There are 2 protein chains.
Amino acid sequence: MADDFEAMWGALAPVGRSAASGGYFRQPWAGAERELRAWFVEACEQRGLRVQGDGLGNLVGWWGEEHATRPDERLLTGSHLDSVLDGGAYDGPLGVVSALAAIDRMRERGVVPARPVGVSVFVEEEGSRFGLACLGSRLLTGATTWERARELRDRDGVALPDALEAAGLPGPQAGDPDLLAGVTTFVELHVEQGRALVDLGRAIGVASGIWPHGRYRFELSGTADHAGTTRMEDRADPMLTYATTALAADEEARRAGARATFGRVEVVPNGTNAVPSRVTAWLDARCESEGALAELVAGLERRARQRAEVDGTEVRVVAESVSGLVSFDPDLARRVAADHTGGDWPVLPTQAGHDAGILSGAGIPTVMLFVRNPTGVSHSPAEHAELPDCLAGVDALADTLERLCT
Amino acid sequence: MADDFEAMWGALAPVGRSAASGGYFRQPWAGAERELRAWFVEACEQRGLRVQGDGLGNLVGWWGEEHATRPDERLLTGSHLDSVLDGGAYDGPLGVVSALAAIDRMRERGVVPARPVGVSVFVEEEGSRFGLACLGSRLLTGATTWERARELRDRDGVALPDALEAAGLPGPQAGDPDLLAGVTTFVELHVEQGRALVDLGRAIGVASGIWPHGRYRFELSGTADHAGTTRMEDRADPMLTYATTALAADEEARRAGARATFGRVEVVPNGTNAVPSRVTAWLDARCESEGALAELVAGLERRARQRAEVDGTEVRVVAESVSGLVSFDPDLARRVAADHTGGDWPVLPTQAGHDAGILSGAGIPTVMLFVRNPTGVSHSPAEHAELPDCLAGVDALADTLERLCT
C-alpha cells in the first residue's frame, strides 16, 4: 500500500526543482505546474476517475459516482500543486497525492461510497504569481470576481487572461462545469507549517480554524538623488522609512503574539549610487482575531508615517487582500478528530491561509488534517515531513473519507 | 553660437527618455546608449574630427592634428553618454556636448591649436549595468584588467563579452588604438551634483579632488520560512539585519559628515508570504579621507554583525570597488581657476566618482569644471542645469581649452 504514495511522490520530486537551492518553482500556468496538472489528469484516468476541469485550470477527479446513493452530497478532498518561489515539496502536493492514495486504499478495502468522492486541485493557491492567494478557489466560489481577477498582472506585467491563454486555457467560460455543484463536505490534508504537532508528539492533527490575515502594500516615495553628492540632511530617502517599518513589524508582532513579515521589496531605480525614489514593500500580517489584525496594521502604518515625517517621504498603504477569521465546522472537526484507532487527534488553529478557508467561507462544511513537520519550516526548500508521517496522513485521510462517504 | 549647443542638446533630449518618469535609461551597450554613440561619431565627422574607437566602445574625436606643433602633448576633454537607471539628462552628456560646442567656438575664433584636442566618450561610467563605475576608462588606463572585467555580469546574467558582442563590439583587441597615447592633460566638464555653487552664487567651479568612495555588497543570509505559521521567535530573518544596517548607515554617515546609502536591494525569494532566505544590499559610502571611509564601512559591518547575532543570520561583506582619494593637479586647477574674465572660479571637492579620477590616477594631469545645478539633485529625472549656466560652461571650457592648447 505504501508503494502507491511513494511511487507518486517520487514521480513528482524532480518537477520544478531548482538544482541550485533544492527548492521548488511551481508557479501557476507555467512549465512545472502545467506538468503537474497533466500528471494529475493522467493519475485520475489511470484510476478511472472522471476528470472535470474549468477554464482556469482547476481540476477534480470523481470516484464512485456510478453507485452513489447520495449523489447530491458530494465529498471533496484535495489541495494544490503550485508552490511559492523556491518553496518546499509538501505544501500542496502532499494533500493531492495523499487523496489519490487514500482512494486507492479505500478501494482495496472494498469501500463502496454512498457519496461521490472527488479529488481536487485548485490553481494559484499561493498567490506567488498574481499576488492573490487561493485565486482558483476564490473564483470558483465567487469570493473574487472575474472582473477583478482579469486585471491582475504578474511581476513581468503579464495579465491573468494572457497567462491563461499562454497555458492553453480560455479563462472562465459560460459552459464551464461547476466543480463545487453538490459538494457538501470538503477535506484538505496539508503538511503542518509550524511545530505544534512536534511539541505535542503527534503525527496527525485537525484544524479548528485559520487566523485572520492579509497582504498590505506599503508604497513609500521620496526623491531620487546622487548617493555621493547629496548630503544626508538634504535627502528624502524612502529606504529609511521602509527599514524603520520593517523593524517595527517585527517588534509589534512579537508584542502581540502575532505574525508580521516584510518578505517582498521592490526598489526604484535600485541602483547602487542612487538614493531611491520609491520603495514598495509587502506586509504579510496574521493575528488571532480580526480586531487584533486591524490594530497591528494600523499601528505599523502609524509607525511608517511617523518616520516618513522625519525622512520627508510619503506613505500609502493598500490592502491587497484581507481574509477574516475562518472557523471550520466545529462538529465536523470533533467527529473527524474522534472515533478512530490511535486516540483522538489534537485540534489546533493555523496561521496559514488555505483553499479550505475559502470553501468554508462559501458555506461548505470543511475540515483540515495536518501532517507533522519536524522542523516546522515551510515555504522553503527545507520544508519536510517524514515518510512514516506521510503514510499516517494517508491512513488518516482514508479513514476520515471512509467515515464521511459511507 | 548658442545655437550649436542648443541644437545638439535638443537632438539628444528624447534618446532613452522614459515617458513615465521623464528620466533617462541609457545603459551601456544597449539601445539608447548605442544611439548616442552613433550620434557622437556623426557629430565628429560633421566637424571633420578624426574618430578613433576601441573594442569596448570608448571613442575620441581629434581636432587640429594637422597643424599641431606639439603633437605628442595631446589635450583631451569629454565625459560619458551613459546614465544611471532613471537618471538625468546632464550627468555625462553635458560634458560631451559642451566639448563639441567649445571646439566650434574656438574654430569660430580662429584658434589654431598647438596641441591636438580630443573629445572623448568613455563607456559605462556609471557602472549601472556591470556594477563597476568608470569601466571604460578603467580598462583604458589599466586600473582594471580585462581578465577581471570579462567575468562581470549584468543583472540578467549577461557576461560583459556577450554584451559587447551583442552591440557589435569585439572587446579589447591587440590592434586597438591607444586612445590615451600622448595625452598629457584631461579636462572634464560636468554638471555639479550638489549645491556648493548655488550656495556660493556662482555658475562655474573647478574641482580640487574626489572623495574616497566604494561599493560594498552586504550578503545577509537566514532561513526561508512560512510568513504565517513561523513564530517570530523561531525565525532567522535577514530582512531585519538589513533594516538595522540601513538605518545605521544613515546615522553613522550623518555623524561623520560622510555619505552612506543603501539604494539597491535584492531579496530571495522575494515572496510576500515567505520569510526571506537572503537579502543582498549594496552600500555606497564616501568620506573625506581614506581612513574615515574604512572606519565608516567597518563600523557598519560591526553593526550588521551585532544585529545578525540577535536575528540568527549570517553576514558577509564584499568590497566590489574602492577608489582612493583623488587630488587633481593643484597647479593646473589654480591656473584654470584664475586668469580669465569674470573673476576666479571657486575650487571645491566633489563626492562623485568620474572618469577624470581614473585618468588622474593614471598620472595624467587632470582638471574638472562644474556647472551649477539649481537643486543639487542628480541621478534623478529632476537633475537640471539652466541654459545660461550651460552656455557659461561652454564658454568656460572653450577658454580653458584655448589657454591649454595654444
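Cβ atoms are placed via backbone N, Cα and C, with glycine included.
Unlike curated entries, TrEMBL annotations are predicted automatically.
Annotation comment: TrEMBL describes B:H80, B:D91, B:H190 as Zn(2+) 1 binding site. As annotated by TrEMBL, Zn(2+) 2 binding site applies to B:D91, B:E126, B:H379. What TrEMBL records for B:R215, B:N273, B:R286 is allantoate binding site.
Note: the Cα of B:D91 (Zn(2+) 1 binding site) and the Cα of B:H379 (Zn(2+) 2 binding site) are spaced 7 Å from each other.
When the binding-site residues B:H80, B:E126, B:H190, B:H379 are compared by Cα distance to B:R215 (allantoate binding site), the shortest distance belongs to B:E126. Applying an under-8 Å Cβ distance to chain A, the binding-site residues B:H80, B:N273, B:H379 reduce to B:N273, B:H379. When the binding-site residues B:H80, B:H190, B:R215, B:R286, B:H379 are scored by other C-beta atoms within 10 Å, B:H379 scores highest. Ranked by CA distance from B:H80 (Zn(2+) 1 binding site), the binding-site residues B:E126, B:N273, B:R286, B:H379 have B:E126 at the top as the closest.
Among the residues the record lists as binding allantoate, namely B:R215, B:N273, B:R286, the two farthest apart have Cα atoms separated by 36 Å. Considering only the binding-site residues B:H190, B:N273, B:R286, the residue whose Cα is spatially closest to the Cα of B:H379 (Zn(2+) 2 binding site) is B:H190. With respect to their backbone Cα atoms, B:N273 (allantoate binding site) and B:H190 (Zn(2+) 1 binding site) stand 46 Å from each other. A 10 Å cutoff on Cβ-Cβ distances gives B:E126 (Zn(2+) 2 binding site) a total of 26 other Cβ atoms nearby, all chains included. B:H80 (Zn(2+) 1 binding site) falls within neither a helix nor a strand when secondary structure is assigned with DSSP, and so counts as coil. Put simply, B:H190 (Zn(2+) 1 binding site) is 13 Å from B:E126 (Zn(2+) 2 binding site) when counted between their Cα atoms.
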